[in-house]
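The FMN binding site feature in TrEMBL is assigned to 16-21, 63-66, 101-110, D136. According to TrEMBL, the feature FAD binding site maps to R373, R403, A404, F405, S406, G437, L438, C439, S440, W625. The feature NADP(+) binding site is assigned by TrEMBL to T479, S545, R546, K551, V552, Y553, V554, Q555, D587. Among the features that TrEMBL reports, domain 'Flavodoxin-like' is placed at 10-154. According to TrEMBL, the feature domain 'FAD-binding FR-type' maps to 224-471.
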Amino acid sequence: MVMEEKAKKLLILYASETGNAIDAAERLGREGERRGCPVSLLSIDDFDPSSLPEQEIVIFVVSTTGQGDNPDSIKVFWKFLLQRSLTQNWLSRVNYAVFGLGDSSYQKYNFVAKKLDKRLSDLGATAVVERGLGDDQHPSGYEGALDPWLSTLWKALYQRDPKLFPKGPELMTSNKSLMDQPKVQITYHDVAEGTLSIPDVKLLEMQIESTRFILPGKLSGKYRPDCFLKMVKNEPLSKAGCRKDVRHFEFEAVSSTVEYEVGDVVHILPGQDAAAVDAFIKRCNLDPESYIRVQPKDKENDQSYDLRNALKVPVRLKTFVELAMDVASASPRRYFFEVMSYFASAEHEKERLQYFASPEGRDDLYEYNQKERRTVLEVLEDFPSVQMPFEWLVQLVPPLKTRAFSISSSHSAHPNQVHLTVSVVSWTTPYNRKRTGLCSSWLAVLDPQKRVLIPAWFQKGSLPSPSPSLPLILVGPGTGCAPFRGFVEERALQSRSGSTAPILFFFGCRNEENDFLYRDFWLFHSQKGGVLSEEKGGGFFAAFSRDQQQKVYVQHKMREQSFKIWNLLTEGAAVYVAGSANKMPSDVLLAFEEIVSKEGGVPKEAAVRWLRALEKAGKYHVEAWS
């Protein structure tokens, strides 16, 4: 009796922070299956790393976060791979490929993919193709690199073993009979079973848990908010009529006490425009008053599912859309257009959607979709013949994501309060569409007199809370000053009961008149023996870039104070940098290199090594955002 050869499986492991790596991994899976290859798709934290040597082909899709950081889901896996006991031929039977998602405006671009690729190779694994590096800065986003990389990957895998793809390496299809099935199933209920006697806050908590457990992303494992906040103060920090609208918000905890340290981050789930939600529901022919349960179709791999299901309640369809589906802010993914093409009844719409979903139409799709930041609602209105089932909409409409903000208060100074410093985002697209940031514009118009419940999750930021005895050099232009307001508040409180180390703070903005954020606060603490005062060995230095002909930035002020900076560094100071990720962090690092070289009397290369050692010692921290 001849034993049948077991079909080879493609294992795809992803590590995602915001959901992009999940999208890319799912696309890999779909394309593999359409070529006739069985696929296993897992988040890397659901995979046992000790079984890696048993795998024949593994594709890794990994994102890099912040300043070269690992996503949470890969941390245990990565720690396992770094064990010294693993030999150079531990993975000698494994073939692998790595695709990274990153942003080239950050210094450590795609750092996680690069170090994973090197480590797998060092352990004896064989790369099927050169690693692919997706870049958020590319005109088509990460897909600009993913398209050609996938084409190369499928050909390389087919050459290695034609049995892997019975349907050939090139096969792609738009045939409806081969269309994927939605991954969620929806059960409809007549009434809200058992929810009528539940108090408002508790009911909202249960509804959020019921709507968010199927969504990907950083906080996907933490469905229930840490607390609900209510706004108690909403005041402008920038001058009316100037280019920027920056606001100071204060919140109090409603449901439970707030706990955080300075340098932490709060994630807020924003509200959506009611008219846009209603328009979406109407366009999709949905009944807003029906009650639904949404659950994943594939529950076999989810051991904790029953526990979560026991906690869940039916939710009004309109509430589900409001809490889980970003219908009027985020742009849909490419796969959305492919699935739409199956449900288009007008031939010209079907052809256009198929073109958009193809590699040839990628750049035109970018012009139409991402560049204009077209919303799901706008796209659906542009293709009126498309009627997608609600299961597909739930799966493919971008999830309503929480927005992360650096906390700009000290919990010790404001028990049970959270303060935020927020720039209200707005811009105009190439075709003159006015766009606004969903969360910042929603917060900007919230009335503190109205008790709006705001779901909030707290998380450690990349700026650790310093001890009172640690000297600090803070660099925070614009809203980058936010976490440092908390640092200064906390140290001012600590200085009342004991001695504290000095703080040098470098702030920057455009105009002293228009956007000198928290001016009175900084000046108060830099006078009369305050924690930013020269008497205490510290100092406050502000750069106003547009108040003179020659632009002056924080790095110019740093060079002016190079002696003070060097003195504090030699006393063991820690450096904290926060603000825009564009050029600022690298310009600031360059200024530090020049200061160390000049004041320390060493060559530039030695200064670079010195600062790298400072970073390795956990004394050079950067929190930057795009």
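Residue positions begin at 1 at the first shown residue.
Cβ atoms here come from the backbone N, Cα and C positions, even for glycine.
For the pair R373 (FAD binding site) and G19 (FMN binding site), the Cα-Cα distance reads 18 Å. The binding-site residues examined here are Y106, Y109; by Cβ neighbour count within 10 Å, the least packed of them is Y109. It is 24 Å from the Cα atom of D103 (FMN binding site) to that of V554 (NADP(+) binding site). Rounded to a whole value, the Cα-Cα separation of V552 (NADP(+) binding site) and A404 (FAD binding site) is 29 Å.
The closest partner of S63 (FMN binding site) among the binding-site residues, by CA position, is A404; the full candidate set was A404, S440, T479, R546, V554. In terms of DSSP helix, strand and coil, the domain 'Flavodoxin-like' (10-154) has 58 helix, 34 strand, 53 coil. When the binding-site residues A404, L438, V552 are scored by other C-beta atoms within 10 Å, L438 scores highest. On the 0 to 100 pLDDT scale, the model's mean across the domain 'FAD-binding FR-type' (224-471) is 90. Its own atom aside, the Cβ of V554 (NADP(+) binding site) has 27 Cβ atoms within 10 angstroms in the protein chains shown. Between the alpha carbons (Cα) of A404 (FAD binding site) and G19 (FMN binding site) lies a span of roughly 15 Å. Among the record's FAD binders, R373, R403, A404, F405, S406, G437, L438, C439, S440, W625, no two C-alpha atoms are more than 25 Å apart, and one pair sits at exactly that spread. The most densely surrounded of the binding-site residues D103, D587 is D103 (count of other Cβ atoms within 10 A of its Cβ). In this structure, the C-alpha atom of L438 (FAD binding site) lies 18 angstrom from that of T479 (NADP(+) binding site). Using a 10 Å Cβ-Cβ cutoff, S406 (FAD binding site) registers 28 neighbours. Annotated pair V554 (NADP(+) binding site) and Y106 (FMN binding site), C-alpha to C-alpha distance, rounded: 19 Å.
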